[in-house]
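Structure record follows, encoded as structure tokens.
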Amino acid sequence: MALKSKLVSLLFLIATLSSTFAASFSDSDSDSDLLNELVSLRSTSESGVIHLDDHGISKFLTSASTPRPYSLLVFFDATQLHSKNELRLQELRREFGIVSASFLANNNGSEGTKLFFCEIEFSKSQSSFQLFGVNALPHIRLVSPSISNLRDESGQMDQSDYSRLAESMAEFVEQRTKLKVGPIQRPPLLSKPQIGIIVALIVIATPFIIKRVLKGETILHDTRLWLSGAIFIYFFSVAGTMHNIIRKMPMFLQDRNDPNKLVFFYQGSGMQLGAEGFAVGFLYTVVGLLLAFVTNVLVRVKNITAQRLIMLLALFISFWAVKKVVYLDNWKTGYGIHPYWPSSWR
């Protein structure tokens, strides 16, 4: 009886060990299958970024047992928000693809299968957005092998982590995953065929260009070009165009009280709209052109009466333009500009 009991215990132990080993091999095979499928999906993308949907998130994250043999860096995108330039979604997605391609090019061995770059599009994967708890874009998150709760925001990339675009993203990846991204490999601005065509055109056009330069018949010899260029630069400089470009200021705003009304002038010294800058630039340009006309053209008019009338008209228009600029400055800043007349005039 004792022998029979020992035999039963031995058989039970063998069965337990067999099932354990079978489960272990099964998990190993499952992980290997997931890795192979991720590698296959990555190979179909030019930049190595895998397009995932709700089914892919379920397969590679929620249904896969932890710890997973890979990490996923996920870029959350929404095509309907691409028109909002302040979000910079298209630019960040392009830089994200550059980091992915650089990582893939610099890690051809086993290190290349430890991290995969993925993207999720809102219109096709709304459930995944809810699963991750993403309610604002841009959003980039690293899902490490041990993460089981996808709402864990410990792997979220801060705005400072993509301030320098691809370079900052690469630093984030290297810091969090301990993997080496390697040098960022940006695509050239021009392909080799394009460079060849440009060089051929330059070689063909060089003799004709030299001939026209020697004869003084190029566009650079036209004084009207330089005059137009000077006016163009003057207008955009006094209009504060560089300020608007650097700060990405809109041309106008929508009135909060009346959505059908547009605001072209913003009251406050800390902000200038594009239309407002162009209006001020136009007034300054009018004064500058009148001054140039008076000092270079009007002095050649032989009729004294005509000279005086045109001079008075130019002074009146200039005074009106400067008055409008001063009024706008007073309205925006609250600081008044008052004339000080000589005491003998009072």
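All residue numbers here begin at 1 and follow the chain in the order shown.
Placed from the backbone N, Cα and C atoms, the Cβ positions cover glycine too.
According to Swiss-Prot, the signal peptide annotation covers 1-22, on the basis of sequence analysis.
Annotated topological domain 'Lumenal' per Swiss-Prot: 23-189 (among others), in sequence order.
Taking the Cβ of N108 (N-linked glycosylation site) as centre and 10 Å as the limit, one finds 8 other Cβ atoms among all the protein chains shown. Summarising the annotation, Swiss-Prot assigns N-linked glycosylation site to N108.
Beyond the transmembrane segment (190-210), the same-chain residues lying 6 or more positions past its ends with a Cβ under 8 Å from any Cβ of the stretch are 218. According to Swiss-Prot, the feature transmembrane segment maps to 190-210 (among others).
Residue counts for the topological domain 'Cytoplasmic' (211-225) under DSSP, helix first, then strand, then coil, are 11 helix, 0 strand, 4 coil. Feature annotation from Swiss-Prot assigns topological domain 'Cytoplasmic' to 211-225 (among others).
Summarising the annotation, Swiss-Prot assigns transmembrane segment to 226-246 (among others).
Residue counts of the topological domain 'Lumenal' (247-277) by helix, strand and coil are 5 helix, 4 strand, 22 coil (DSSP-based). Taken from Swiss-Prot, the feature topological domain 'Lumenal' covers 247-277 (among others), and the record attributes it to sequence analysis.
Residues or ranges marked as transmembrane segment in Swiss-Prot (evidence: sequence analysis): 278-298 (among others).
Sequence annotations record features per position, and here Swiss-Prot assigns topological domain 'Cytoplasmic' to 299-308 (among others).
Same-chain residues lying 6 or more positions outside the transmembrane segment (309-329) and placing a CB less than 8 Å from one of its CB atoms are 265, 276, 279-280, 283-284, 286-287, 290-291, 293-294, 298, 301, 335, 337. For 309-329 (among others), the entry in Swiss-Prot reads transmembrane segment, with the evidence type sequence analysis.
Annotated topological domain 'Lumenal' per Swiss-Prot: 330-346 (among others), in sequence order.
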Tertiary contacts of the topological domain 'Lumenal' (247-277), as residues 6+ beyond its ends and Cβ separation under 8 Å: 85-86, 239-241, 328, 331-333
Remote residues contacting the topological domain 'Cytoplasmic' (211-225) - C-beta distance under 8 A, at least 6 residues beyond either end: none
